[in-house]
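Engineer: According to TrEMBL, the feature transmembrane segment maps to 18-39. Positions annotated as domain 'TIR' by TrEMBL: 94-226. Annotation comment: TrEMBL describes 196-226 as region 'Disordered'. As annotated by TrEMBL, compositional bias 'Basic and acidic residues' applies to 202-226.
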Amino acid sequence: CLVLPSSFLVLLAKIRKMVIFAALFIALFMTVLFGHVFLQRIKDFLQEDVLRMLLRQFSANQNGNEVIGGKTEAGEEVLLLLTPSPSSPKAGGSEFEVFLSFRGEDTRKGFTGHLHDGLEERGISTFIDCKKLEKGEEINKLLEYVDRSKIIVPIFSKCFAESKWCLKEVTKSVECGKEIIPVFFGVEPSDVRNQSGPFKSAFKDHQSNKKQDQEEVRKWKEALKK
């Protein structure tokens, strides 16, 4: 049986303590140096969870025929963790954290308005064209706001596909690789993906319109399949 000298054991103990202190120092240094990056990433994930939860919450208050894209296990405590201070910077340099894409005739005064107000009340900056688009700006300015937003929430309703601008917004979101959380308001997800139901008739009108660029229509259909 090998017996180590007591002096050697003392040396090993000292080395172990030095390694532990060094590891703690490095961990503390990395936290101070990069902590804000980690915290921002955590906030990003929490924001997406809260958004999904809010969508579910507002949907439950409607007629019961809305389907929310995504799933979350987040609880009410997440809302408290998320609430940012007025000086909090927008994640990733985005001007808005959420962009709501919707057909105004369907949802502006009901679901969409409540959703917008709920997000804003919780400190999540949300773009909605009837409130954030300055007077005199052209409608195609909306596409720039898509690029300046972090998460895109298209609210697919029965008349959504009748609007060229709604389809342009979704296509722009896909092309920019944005995080997209869809809401299906009175339509099925399969209606959107397959252009069936109310989406079928809307696309039939677009395809029969001789003034409409059919290559653009093809891009709209591809974007809805994503």
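Heads up, the Cβ atoms here are built off N, Cα and C, so glycines get one too.
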Engineer: Please give the sequence-distant neighbours of the compositional bias 'Basic and acidic residues' (202-226): residues at least 6 beyond its ends with Cβ less than 8 Å from one of its Cβ atoms.
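Structural biologist: Apart from its flanks, the compositional bias 'Basic and acidic residues' (202-226) reaches 159-162, 164, 167-168, 170-171, 173-175, 180, 192-193, 195.
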Engineer: How does the model score the domain 'TIR' (94-226) in terms of mean pLDDT?
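Structural biologist: Mean per-residue confidence for the domain 'TIR' (94-226): 85 out of 100.
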Engineer: If you run through the compositional bias 'Basic and acidic residues' (202-226) with DSSP, how many residues end up as helix, strand and coil?
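Structural biologist: Per-class counts: 18 helix, 0 strand, 7 coil.
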